[in-house]
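Trainee: Checked Swiss-Prot, it gives:
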type	residues	note
BINDING	18, 19, 20, 21, 22, 23, 24, 25, 44, 141	ATP binding site
ACT_SITE	117	active site, nucleophile
DISULFID	117-214	disulfide bond
SITE	142	site 'Interaction with tRNA'
ACT_SITE	214	active site, cysteine persulfide intermediate
SITE	351	site 'Interaction with tRNA'
């Protein structure tokens, strides 16, 4: 077996690398080339800022810029002397990621588009492209680990907790894991990745990480939803948990669970968004204690564990939060129930709930509104 757990010498192993133009995927291509693999780079054209209606000057620092990123990916491929292909996936990305993002907001949920992009465009579609190119594996720059297990490869967190991206990859299927490789998962930190890029004199060695959603580089999510659905921002009432009207709002798309700012309610104790009601158009506000949640209903579960139907786990309800201890009950179909040991605040429908045992990812799903509990 070679270093990618493939029964071939590296020189006979074709690895297709998903090259975004950033330092991580560029370092992956360089590392595999250095190890003697037959490396092919592929970059996806996903989003054209010129047709987005956003002025380039309005973009935040450290956001994606499709044209420059493609240019950077090609420059890296040229520096490494590897073939490089740019594929137009704009229509697929618009349908499966951008439109779903907007639709999730219309349902008064808070989306995580990076998960949908990984699940559909990057792993479903790009994986097919990699096979068409004769690849034995598809490698990406994600900070996660792929480990052999009794029932096949398992998904594990990245070695560096600060860089771990497993939350965004919970929807990866077993079949996809069989073909995927994550060479950066065992890296001690970003400095090690940048050192690889610098050693190979790659033009992106010092490039900053992108921070915002690539198709909303100005950070104005509501404006994007409104461009796609002009009637999305319907005004409505702001009420307390007893139903008393406290004020008015300019549309549910401007709010998420746990939000405090932007309510326009002066005076009194701090109030937080505790529920969004798409049926009535109401924003429900309450105290910080009203945000407490002990039981979470989860749908569209992707399961990577064993046959257990009830087990102790740790769960993440947002990518930036530490995993919290809980009891997981797998229900019929693709549903699950999570009972937390201690209340979590601001559990938002539409976000992912990801299940862990130690460093292993057991899967995850999408958080349902409490009314569906």
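The chain as shown is numbered from 1 upward.
Just so you know, glycine gets a Cβ as well, placed from its N, Cα and C.
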Trainee: By CA-CA distance, flag whichever of 18, 22, 24, 44, 117 among the recorded positions is nearest to residue 142 (site 'Interaction with tRNA').
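Mentor: Minimum Cα distance from residue 142 (site 'Interaction with tRNA') across 18, 22, 24, 44, 117 lands on 24.
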Trainee: So which recorded positions are near residue 22 (ATP binding site), with CA atoms within 10 Å, out of 117, 214, 351?
Mentor: none
Trainee: Sort out the sequence-distant neighbours of residue 24 (ATP binding site) for me: same chain, 6+ apart, CB within less than 8 Å of its CB, listed by position.
Mentor: 141, 142, 143, 184, 193
Trainee: Relative to the Cβ of residue 18 (ATP binding site), which residues of the same chain, six or more apart in sequence, are found under 8 Å away?
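Mentor: Correct list: 25, 42, 43, 44, 122, 126, 138, 139, 140, 141.
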Trainee: How many Å separate the Cα atoms of residue 214 (disulfide bond) and residue 20 (ATP binding site)?
Mentor: 11
Trainee: Counting only residues 6+ apart in the same chain, whose Cβ is under 8 Å from the Cβ of residue 20 (ATP binding site)?
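Mentor: Result: 43, 69, 73, 141.
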Trainee: Would you mind pulling the longest C-alpha to C-alpha span across 18, 19, 20, 21, 22, 23, 24, 25, 44, 141, which the record has binding ATP, in angstrom?
Mentor: 16
Trainee: Could you tell me the C-alpha distance between the residue listed as 'active site, nucleophile' and residue 351 (site 'Interaction with tRNA') in angstrom, no decimals?
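Mentor: Per the Cα atoms, the residue listed as 'active site, nucleophile' and residue 351 (site 'Interaction with tRNA') stand 14 Å apart.
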Trainee: Within 10 Å of the Cβ of the residue listed as 'active site, nucleophile', how many other Cβ atoms can be counted across all chains shown?
Mentor: 23
Trainee: Determine, from DSSP, whether residue 117 (active site, nucleophile) sits in helix, strand or coil.
Mentor: helix
Trainee: Three states by DSSP: which one describes residue 214 (disulfide bond)?
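Mentor: It is coil.
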